């Protein structure tokens, strides 16, 4: 009897039980990997990494490689290291609003070819350099609003962003914006430029003319865009200016104007010669009169 039991095969676990064990082990490994790849103070779920409102002074060093949506909003981040986005090829949304950024490193978006939405509002950016968004050709929305120190946008800052639809430059420190910075954006639909200290001189005319020609396609916050100068148009709505407002920028001289200038020049020349002649005669007479008086005294 003992030998009979020894020869019988030991019953193995059911097939379904093996599958259950394998599933639990795999789930544990996946959970462990996800846990180690999610930065401290951040939450990671469904390719969304949320590190907002954590009082961070620097960006988290490691993110899940498949991150699509990254929020670093409402922190105290002052700088983003060069090449920070190099490994995150799936990134679609980057939210850096309400931080302390003064500038971004060159080539930050060089590998962010799928980035579509970028929020840099409420920072301390002072300028937008040339090729800042180089290779980020998928950008659809850029928010640069509420950067009070933003004084300059390079004419080639948005070069190559053919898919850009929404651009917010409101509430900055811009007094001038080059037409070249915008005319290379064929897909632009919404442009926000209100709340800036615009100087509505002759250099502003090309931009205004371009906006008027695109008014059906480009919505601008006309109620908030006002002129800060020159004094004669201070406080005037930017879009209330007409071609008549820039008439002085296109003053041209006619033939009659040139003839009048030539005539005035001729008269001034004759008057100058006559004046010099009279002064010479007067000086000569005074000299002779003085000499005659000296001879009489002798």
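Using N, Cα and C of the backbone, Cβ positions are placed for all residues, glycine too.
Here is what Swiss-Prot says about this protein:
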DISULFID  38-44  disulfide bond
DISULFID  42-51  disulfide bond
DISULFID  200-227  disulfide bond
DISULFID  202-249  disulfide bond
DOMAIN    35-65  domain 'LRRNT'
DOMAIN    196-251  domain 'LRRCT'
REPEAT    66-87  repeat 'LRR 1'
REPEAT    90-111  repeat 'LRR 2'
REPEAT    114-135  repeat 'LRR 3'
REPEAT    138-160  repeat 'LRR 4'
REPEAT    163-186  repeat 'LRR 5'
SIGNAL    1-34  signal peptide
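The least crowded of the disulfide-bonded residues 202, 227, judged by other CB atoms within 10 A of its own CB, is 202. Proximity to residue 44 (disulfide bond), defined by a C-alpha to C-alpha distance within 10 angstroms, is shown by none of the disulfide-bonded residues 200, 202, 227, 249. Packing around residue 42 (disulfide bond) is summarised by its Cβ count: 18 other Cβ atoms lie within 10 angstroms of its Cβ, all protein chains included. Here the repeat 'LRR 1' (66-87) has long-range neighbours at 44, 47-59, 93-102, 104-112, 115, 119, meaning same-chain residues at least 6 beyond its ends whose C-beta is under 8 angstroms from one of its own.
Comparing the Cα of residue 42 (disulfide bond) with the Cα of every entry in 200, 202, 227, 249, these being the disulfide-bonded residues, the smallest distance points to 227. When the alpha carbons of residue 202 (disulfide bond) and residue 227 (disulfide bond) are compared, the span between them is 13 angstrom. Counting neighbouring Cβ atoms within 10 Å of each of the disulfide-bonded residues (200, 249), the lowest count belongs to 249. Among the disulfide-bonded residues 38, 51, the residue whose Cβ has the fewest other Cβ atoms within 10 Å is 38. Distant neighbours of the repeat 'LRR 2' (90-111): 47, 52, 65-84, 117-127, 129, 131-136, 143, 149; these residues of the same chain sit at least 6 beyond its ends, with a Cβ under 8 Å from one of its Cβ atoms.
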